[in-house]
């Protein structure tokens, strides 16, 4: 388990400085049976990430020699402040759920060499147990840890060669936004609802962008604001990449 | 948090005696935002129980002066040893899920005076984070704790009178079964799959039955075997009732 | 066709004694095209049971050399006193339907030697044409007759050996309950809604239990009450087993 | 109960003449609880028709002073020669089911004065218990009887005035087809599958057309053939109208 | 592109005579990528018809040596005067959509020699872009043009022999109805809603009937009226057949 | 109707220069019945945009005095090179469809003053008739024209005051991407599948960003590449804004 260590001394709702992450905690191997798993916490946001490694690939990839990584995101009904109906009960998955599941899958595939994975599939499940803003970015960051452990598992328990370079980099994600005219890192829920612009940024361990998704919730934004947000996100993701490295370096 | 304390000295798979519970742990208030919540563990089985208190009742009870308690049970896709598809993705809820949700709802309503609750609804969500046998009985036992806290919350934050006797008793549940010809208490998954007869029993704090559901998985069973199973279950539920009392007696 | 013959002389709503079945009628071969079928009536409750025998098994059993028996239960929209919407129109199957379908399937599999059946499937369809209490128990009792005829059909028309001992016993089911403090056998609808405790019991022809499902609708119940209910059910199922034997003994 | 009486002396599969109906049997009041019901049989085809009378109309008719009549058609899974999956299990209703439900509803509304019905709804449920060709025409013919009884029930038990002329005529339906070059009345299943042209005709008691639905299954048809089919259908429906009158004239 | 040329001089809403088609326009090849396509307009009614030619047939036809032709009909949400919800959003297809899709498929299969098509499938998609009455008949008429082009494509780009006589005839369709007591051809929407009887007729190029679907919306109709409507439809379809021939004769 | 006019002289697949739009054509009022509509073409990509103006707002906005704008995006099954199954037939909407519908809605709400709209709803339907890359950006650009016309309609035909400043700006969108190492504007399908990075940018008429959605399909991208893409997009959207102004300035 690993966590960010800055002491809150800023003037945000919870005392953070504009460029400060919430306390980040990653509990590796939270599940006994999954090939990889991590409970990740960004402050009160808690996401349980499980990685399931299975031999074989979906039909459309069979015979390609190449593997597949996919993700599903969901939220427990009482993760939020007031209860939301279950999508299983409604009988359909909402647009937001779909959108985030796709984002997580794309983000992790960006650091995977699918050919090196061989005809194996890794399914990531990111279930939000408690939501306080930033659930999709916590999910990506935690899913990377679960994914790394599932690949290690595959090297030990399947025909996946131990020398395969399946992971080409690490990946993490953070939200940034303009709140009350100020660019802020890692919005908690109360900040998120007041943001004029909200951006989710996915960054590799080596500092390149995988996804940049910025939305003007209130007034449209200009190039200067965009630049400030990208600076914050790049810094935040560098912190997250270090936390990921530390937690994965621990003996299990 | 509370747990059962016997040392395993028996000859079951995990060293328990036939009438011994697995280690039971209940973490009250695991969620920050729910009106009541408990993470309950029966050994490796982990169920997150949330109770949502809302003013008002479903349409068919409006104007009755009486409240409603209902429950939904679900399992995370990687709670099990191999991943199961999400019911939200399949677009329908399976028979087993339905059956258990209904069982939990009935069991908790058995210890609630709905008139004393007034026109309020308590929705229980029992989500299995990890499954190793006994998920439905853990869910009932944990949901009772979440329910009790949600009622206390209602008395402090709504017009529900502090003096209302909403709870008429406590309720807990345990599985029992005949494995290799021997009646055993609180089956873990490996025992469950080998059981000839499997029974779930829901018992009030005062020792009466709310539900008795026995199924011959292999050979049919007779009255003597049924009697032995009910004895075990009554004992196990008495232990659980004490754990519930202890955890609810703690200051929060 | 066979029916129970006691004259009503008791003091229940319809004049029965506490341990008396309603008039039971079984019309074998009610359908011209099904491999086995029976229209069963418990008083006004009427359930049409059809057994479809097909070569082959579901994918998960292929190559096992063993067969499969499964069941689906449903109710016509106007089987009940007021019309209920069709589950096909609602687009999903309710929890109660699922629960009963599973119960019927388990109950019949308890008296089948699936290995002796070979790689054949028998699908049971139990459709309630009119409901007046006890529909699930009538369904199990009638489905057994349809099942027995479908197995005979299979021995005559397929490669299933005539000497196979596919059925290991017979099976029937009855509801019992505590109404106004009195244990009663075979509740009709008006008794069912007033029952404090309601129990469905599935018993083999040789008198062992396959399922015991007791639910406290009102006050929880104790061991003595449970014993009285099991006595009633055992007697009722013995009567039903005789009716099944008689109807199956008729020439067709 | 009423039935057609011609003796089969023709040369069709079952010995009928080209213009001869199968034996038609209508059992009025087959259900104890529905406001109107009829089990109708055209030979081996058996359809259970139930009419449910309820005060009030769908939202889009509220305040109009006018009533509504609608119908749902369905088939039990083992009504057919080989089992068909349930539409409730598939989670959607097939095109054929939709099409026939709509046809039945339109056909019955053609003989109803919705204004005279007042703001009441009659829901018709036509469930095919056994199918041997002509299920939709049997359904219409039987539904008329159930409808007539439900209207009588409404006059006795609701504020619907006894003098209201709700029914403006009777209605029945029959299938006709060209089989082996010959126009035939009331096709049974084996004839239906060989028909080059298949037509369903709905006719009022006074002999006018409500629906004419002809389909070339094999070769297209010409005006002469169409004329011959309409002649047959008109005759068959006149026979059915008499059977309906007779059965409705019986004391209940 | 081709169009009917009569000048409106009659007394219908839009000045047409009773036996006059609306202006009919067929734009062949409206889509760049489909194997066959046509945008067909009957006055303001506009339907985009696409034919997709694919090698292979559905599972139930595999190995038969014979092909398959099927159709799907749908309407854009704002094709109509007021917006209708999307069936994809509602999660189910309505009865009307199903019914028309089936009609289109049957109508086109009536002029196809499926054996000559070989094991190929042609899927027709008829999407109503704007609706002003007669959408199903426009769809059939336009789908024939798309179908003919898809077959030509198949002869040029697949192993389908150039000499195969896949099309046995042409097919078109038109609506007719009795409005204000007068039989009229090709009803536009305002006429359609006032029609006492509404009939859709599908006719081959050689003048035989494929489908005749007449419905009494108001008063039932008699043989004389039926005859007048069939005369009108036969004439209208002859005009449509000529337009189809002309447009297919153009060089592409 | 309006179109971009640069002559292709560059070296892209279709001869365009890197910063050149495809030919853009907007046909205003393509539908006769919608309050606003536009058929927009970006080269071979064709999207039909309809705006439906209705009085009233969804329940959650009732009484707010404020209006609502929402959008649905869909694709005809044969819009693409090979046919895709209909979402209505599959019974559920895919993640991509959901994601784009939400993007269109957000983009248009960014230039609407919902308070000035009053309690009215404008529903945008964007249906892709033919797809060749850039369908979502064409949809946004065309939907703005339909929206503007629907607002004009509302001012003429409803109580919406003619002086209301409902639109605060115009909005358009374009895709950009890095293909073969080069930043390109307005990718057609063949370019899109080869892009290493793909970005959709939504820009107001005054040049501010509403949405920036960049995805690394191949290698992650850096700040410099991001800058180049944003420059291209800003230029392309300025061209589109002019085309929108021109087409809306035409007399209707």
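A Cβ is built for glycine as well, from the same backbone N, Cα and C atoms used for every other residue.
Since the structure is predicted, the reported quantities are computational estimates derived from the model, not experimental observations.
The phosphate binding site annotation in TrEMBL covers C:96, C:134, C:135, C:136. Residue C:96 (phosphate binding site) has a Cβ environment of 14 other Cβ atoms inside 10 Å. DSSP classifies residue C:96 (phosphate binding site) as helix under the three-state reduction.
Each residue in the domain 'Exoribonuclease phosphorolytic' (C:20-150) has a pLDDT score, and their mean in this model is 96. According to TrEMBL, the domain 'Exoribonuclease phosphorolytic' annotation covers C:20-150 (among others).
The feature domain 'Exoribonuclease phosphorolytic' is assigned by TrEMBL to C:170-234 (among others).
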Practice problem: Ten-angstrom check, please: count other Cβ atoms within 10 Å of the Cβ of residue C:136 (phosphate binding site), all chains counted. | Solution: 23
Quiz item: Any idea what DSSP makes of residue C:136 (phosphate binding site), helix, strand or coil?
Solution: helix
Quiz item: Which residues, same chain and not among C:96, C:134, C:135, C:136, have a CB within 8 angstroms of the centroid of the CB atoms at the recorded phosphate site?
Solution: C:73, C:100, C:128, C:131, C:133, C:137, C:138, C:139, C:200
Exercise. Using Cβ-Cβ distances, find the residues under 8 Å from residue C:134 (phosphate binding site) that belong to the same chain and are at least 6 apart in sequence, listing them in sequence order.
Key: C:22, C:42, C:45, C:174, C:175, C:186, C:187, C:188, C:192
Practice problem: Measuring CB to CB from residue C:135 (phosphate binding site), give everything in the same chain under 8 Å that is also at least six residues away in sequence. | Solution: C:45, C:47, C:73, C:75, C:100, C:128
Quiz item: When the domain 'Exoribonuclease phosphorolytic' (C:170-234) is classified with DSSP, how many of its residues are helical, how many are strand and how many are coil?
Solution: 16 helix, 32 strand, 17 coil
Quiz item: So how far apart do the phosphate binders C:96, C:134, C:135, C:136 get, largest Cα to Cα in Å?
Solution: 14
